[in-house]
Amino acid sequence: MSVLIYMCVFVYVCVCVCVCVWQIVGNGSEQQLQKELEDVLMEPSLAGVIAAAAAKFYIVNGEFSPFVRVLFFDLTDIPVPSTADESSPESGPGTPFPDEDSVVFSQLTYLGCASVNAPRSEVEALRMMSILRGQCNLPLDVVLSVPGVSEGTVRLLDPVTSTEIANYPIYKILFCVRGHDGTTESDCFAFTESHFNSEIFRIHVFRCQIPEAVSRILYSFATAFRRSAKKAMMSSQQAPPLTPEGDLFTFTVSLEIREDDGKGTFSAVAKDKDKQSFKLRAGMDKKIVIYVQQTSNKELAIERCFGLLLSPGKNVKNSDMHLLDLESMGKSSDGKSYIITGSWHPNTPQFQAVNEETPKDKFMYMTTAVDLVITEVEEPVRFLLENRVRVCSPNDRLYWPFSKRSYTETFYLKLRQVHRPSMPNYSRSVLCTSPSACSSSTPHSPLRLPDNDEPLLSGSGDVSKECAEKILETWGDLLSKWHLNLSVRPRQLPALVRSGVPEALRGEVWQLLAGCHNNDHQVEEYRTLITKESPQDSAITRDINRTFPAHDYFKDTGGDGQDSLYKICKAYSVYDEEIGYCQGQSFLAAVLLLHMPEEQAFSVLVKIMFDYGLRDLFKQNFEDLHCKFFQLERLMQEYLPDLYSHFLNVGLEAHMYASQWFLTLFTAKFPLYMVFHIIDLLLCEGISVIFNVALALLKTSKDDLISTDFEGALKFFRVPVPKRYRSEENAKKLMELACGMKISQKKLKKHEKEYHTIKEEQEQQEAPIERYERENRRLQEANMRLEQENDDLAHELVSSKIALRKDLDNAEEKADALNKELLMTKQKLVDSEDEKRRLEEESAQLKEMCRRELDKSESEIKKNGSIIGEYKQICSQLSERLEKQQTSNRGELDKIKARVDGCEKCSVLFNKEGRVRLATGPLGAMGPEESEEKEGLKNQLREMELELAQTKLQLVEAECKIQDLEHHLGLAMNEVQAAKKTWFNRTLSSIKTVTGTQGGKENT
C-alpha cells in the first residue's frame, strides 16, 4: 500500500507542477482534473484508472496552444505491481533498488516535469527550468541515485523510507543541463528522457539545496555514460591495428585561440613557430575555436558538441576540467569541418593560472577537450589537446617570428559494432581514441544518444514556381475575367483550384478568394495595431523562433521574416481581444507571409479566422473543436470502419492526433507543397476541407496504423506521416484523394446535431448534485473571470481618469500658453500696424522727395543742355574767328613776303622760308636808313609772331574748354542715368518691399 501512496504522490506532484505551467482545457476544467486524480488515488487498480485519466484528459498550454504541448499522465516509466506477479523482486516502484555501483545524492527537491518538443535544445531546457523553478508551488523532496555504469538506471527515492518512486534507464536519458551561474537557476539541473519509446519527450527538473552539488551530480551522469567502455579503452596502449572487429577512423582536430582586440572583434592569437606555444595576453577575454574534420573511412555524422572544457596544466584529472560557455556549433560553410566555439573568461578563478604573466623564455601547458556526440556511437567521443602557452602583458605587441596559426593534431578513433537488447538497432562502441595510442575518452558534460526518429521540422520542403505555359495561360484568362467582376467567382475556378494554384499566382489568388483584394481600411488599421501593446507579447516572442525553423526566411533570429511574423501575430492579438494569440496562428501567418506583404497577410488571416470560422475552434473551451473531433470519428466510422474499430480497441481518440491538424490547418508539421495546396482548397471551398484531408491521411496510412498499438500510433502520426509527403508525388496523390472524397454539408450538420444531443443527454444523466457542483464551479469560474475583468476595467478606468486628468492639466497649461501667445501676437499686430503707418508716411515722404529730386534733375539736365549748346556755339564762333584770323594772317604774310621779295635790300636779308640770313658783311657797311628800316621790320615781324602765338594759344584754350564741356556733359548724362536706374529704383523697391510686408502682416 505504501508503494501505491508514494507513486500516487509522485504522479499528483507532477500533475500539480504542470498545472502551474499549463492551463487545462478540453473535456474538463482544472477542478475536474483534480477530482479525477482524487478518484485515481482512491482506486485500487491504479494503472487502469491512470490510463483512463490519461486518455480522457490532456493538458494544454493556454499561453502556447492546445495542440503542441499535449502531456499524457501515464506510468509507463514507473512499473506498476500486478496481482499476478507481486512476488517478483522487480514488481513495483516501492521495491528497494538493487545494490549497484551508484552515487546517491540527498537534499534534492523535485520541481516537476514537462513535455518538450526539442529534447536536445539547451535553450528549451533552460526555459522550462526557469518556468518550473519560478512557478512550482508543491515541490517534492527526493533522493537521486545515479549509477556508475551506462547499463544502470537513474532512480528517484523517498528520503524517509528509501523506497523507489521512479526510475529512468541511462539509455533513455537524452540530455543533461544545469542552470547558468549568476542566475536563479544556478542551483538547478535537469535531464530529458525519451518517453513512450521516443514519441514523447519529457524534462525533469531538480533543485539542490547545496548549489555546489550540481557539478558533482552532472559529473556522476558523465561517469555513467563512459564507465562501460573505460576498461576496454585502457587495455590497449598502442595504435589500433585494422581488424575485422573494429573500424579505424581518422580525424584532424585544430585549435585556435582568439582574443578581444579592443575593437569589438576577436582576433587569432600568435603562436611561436619554434616553441609551438600560443602567446596570450593577461586579462583579455578569449574564445576557443575547435575545428574537427574526418579524413578517412566512412563519414561519421557529428550530431552536436555537448561540452568544451579547459584546464591549466598537462595530464590533468577529469575533475580539474572546467566547462566553457558554448557560443556556437555546426558545420562549416563547405561542409567539411565541424566548428565549435566557446567563451573563455580569464578572470574566472579556475583559469587564474593562465591569466598570470609567465617569466621570460618560459611557458606552461594548457589542456583543451571537446566532447562530441557522433551518430551510431553509443559513448561520447572526446578529443584532448595539450598545448604550450605563454602569458604576457596586455600591452605587449606581436612581432616575428610569431604567426597566427592554429594547432592541429591527428586522432585515430577505433570502433566496434555491438548489439544491446534494449536498443533495436546495431550501434558502435568506442574501443579507443588517441593521437597515436588508445586512451580513455572521459567526457564530463551533458550527453544525448542518437535519435534517428526526429520529427519533420515545420517549414520544410521547397516549392518551385515553375509551371506549364498552358496552365499559366488558363489562369491568366481566368484572372482577367475575374477582375471584370470580382463579386462573382468564375465557374471553372473550383476545378482549377483542386489541381493546385500556381505558386507564382498564389498571393493574388488567395487575396481574391478571401475577398481582400480591396481592403485599404484594414491595411490602415493594421498599421495602427502594430503600434499598440499586446498582453501576449511574451508568448508571441517565445513562439516566433519555433515557427518554420526549416525555412530560410524565418530561421534567422531578428531577421525580416521573424520581424514581420511578430508584427502580424501581435496585431491580431490586439485586434481579436476575445481569442487573442494562439500558437497555431503563427504557422498560418507564416504561410501567408511567404506569398504577400504583411499588411495583406494580416487581412487574409483575419478573413480566415472570422469568415471561415477558424476562430470558433478556440472559443468556449474549444467546444467547436471537440465537435469537429466527433464529426471526424463519425466520418471514420462511415469511410474507414476497420480503422475506427482499431482506434476504439487501443483507446486512441481523435483529439490525440487531430488537434494540431485542425487548429493549424495542417501548417505546423507537413511539407510546404502540401500545406499550400490545403490553403488553396480551404480558401476556395471552406473549412470543411479539413475533414477531406484528415480522412485522406488516415486512409493512406490505414494499413500502417492498424498494425500499431496506442504508443506506436501516436509515434506514427508524429514522425512518419509528415515525412511521407516530402515527396511531391505523394503529396499530389494525397490531395487528389482528398478532393475526390464527397462529404456533404448536410452530413456534417447531422453529426454536429448528434454531438450536441449526446452532450445534452450526458449533462441530463449527471446526478443533480454533480451537475449543480459543476454548474457552481462554472459559475465560480465565470464569477472569478468577471471579477478579474471588473478589476481590470476598474484599473483601466482609474488609469483612464488619471490619464484624462493629466491630459486635461496639459491641455489647460497649453491653453494658458496659447492665450499668452495670443496676447503677444495681438500686441505684435498693433506694433506692426503702427510700424506700417510709419512706413507709409515715410513712403509718402520718399515719394515726394523723389518727385522733387526728379524735377530738380530734369531742370539740371535742361540747364546743362543749354550750357552745352552755348559752349558749342562759342566754340563754333571761336573756330570761325580763328580761321578768319589765320586767313588774314596768311594774306598779310604773303603780302610782306612779296614786298620783301620785291625789295632788293630786303631779299638779301631773308631767305625763301622767310628766315633772316646771317650778315656776310660788316655791320658798318649798312647805312642809317637801312638799319632803321631793318629794325622796323624786325619789330613788325616780332609783333606778328607774337600775335600768331596768341592766336594759337587762344585756339588751344578754346579746344580745352570744348573738351572740358564735353566731359562735364558726359558726367551729367551719367549722373542722370544713374539717378534714374539706381537710386530711384532702389528707393521704389524698398518702398514696395516695406508696403508688401505690412500688407502680409495685416492679412495674418
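Cβ atoms are placed via backbone N, Cα and C, with glycine included.
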The annotated region 'Disordered' range in TrEMBL, which must be one of 81-100, 441-460, 761-780: 441-460
Of 101-149, 199-247, 689-737, 934-982, the range TrEMBL labels coiled coil: 934-982
Mean of the pLDDT scores, which run from 0 to 100, over the domain 'PID' (110-225): 83
Residue counts (helix, strand, coil, in that order) that DSSP gives for the domain 'PID' (110-225): 30 helix, 49 strand, 37 coil
